[in-house]
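Visitor: The structure is given below, and queries will be raised subsequently.
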Ligand code: IPD
Ligand code: CA
Ligand code: CA
Ligand code: CA
């Protein structure tokens, strides 16, 4: 196994076990609000601390970017660990058992290693660039839909960015007339892993953060799926406006979305 994948898996499992244990003891979970509709718990923070501790032990020189701690610069800026200790915090707080741990390693800006771990189902999604994507060791290939007909699409509502509510709803309405149905699962990292697994045919969301999609993007790509911004480019790396799915589905999604994009969503 790629040595950094070994460490990423160890950290994801350790954090996942902590999250699963706390899921059983809701009285020990303390939720607070970071911003409008934006929640965090003591478990997010403790999971992140565990992950950072494990990475630091093997790679003290690497840089770490983590949702709750921000950037922890190492002497080696070229290697960056991008961490979401608990993706799906709102589900976790509501005791809706769908959330994940997401860890990616970027080398000179390119993601090399990715792990998304669902502790409630013990599902470990992994990828190494150029070596395919796996779920618990089995190769993933993504959906083989030919167009939007009959597809299930995943999305996330822009609940922190309500200025995008109208164009977002218009995009959903337009896609909805062409696909079979939508899912809003509450974990973007798992949405992307599910694209890789073919559990959904496509996915889109506005304004994701690097830690939401860094690992899921590589896992989706390594399954043969396409990941891009709303115009088919690579601006999602900075805007977080992201579309993913099998290449034919993404092409159909982009064509359908095109007329509904506000200027901000073209970035
Ligand atoms: C959130 C989840 C959710 C998505 C949000 C993310 P968090 O991450 O991925 O599905 O819709 O955009 O912020 O805050 O639970 O780590
Ligand atoms: Ca969060
Ligand atoms: Ca997240
Ligand atoms: Ca999070």
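Just so it is clear, glycine is given a Cβ too, placed from its N, Cα and C backbone atoms.
All TrEMBL annotations are machine predictions without curation.
Quick paste of what TrEMBL says about this protein:
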BINDING   67, 84, 86, 87, 212  Mg(2+) binding site
Visitor: Go through 67, 87, 212, our binding-site residues, and report the one whose Cβ sees the most other Cβ atoms within 10 Å.
Guide: 87
Visitor: Whose Cβ lies within 8 Å of the mean position of the Cβ atoms of 67, 84, 86, 87, 212, the Mg(2+) site, other than those residues?
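Guide: Going along the sequence, the neighbours appear as 44, 83, 85, 88, 89, 100, 101, 102, 188, 189, 209, 211.
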Visitor: Out of 84, 86, 87, 212, which binding-site residues lie by ligand 3, with a C-beta less than 6 Å from some atom of it?
Guide: 84, 87, 212
Visitor: Please identify, from the binding-site residues 84, 86, the residue with the sparsest Cβ neighbourhood, meaning fewest other Cβ atoms within 10 angstroms.
Guide: 86
Visitor: Quick one: of the binding-site residues 67, 84, 86, 212, flag those whose CB is under 6 Å from ligand 4, and say none if nothing qualifies.
Guide: 67, 84, 86
Visitor: Could you check what DSSP calls residue 67 (Mg(2+) binding site) once collapsed to helix, strand or coil?
Guide: coil
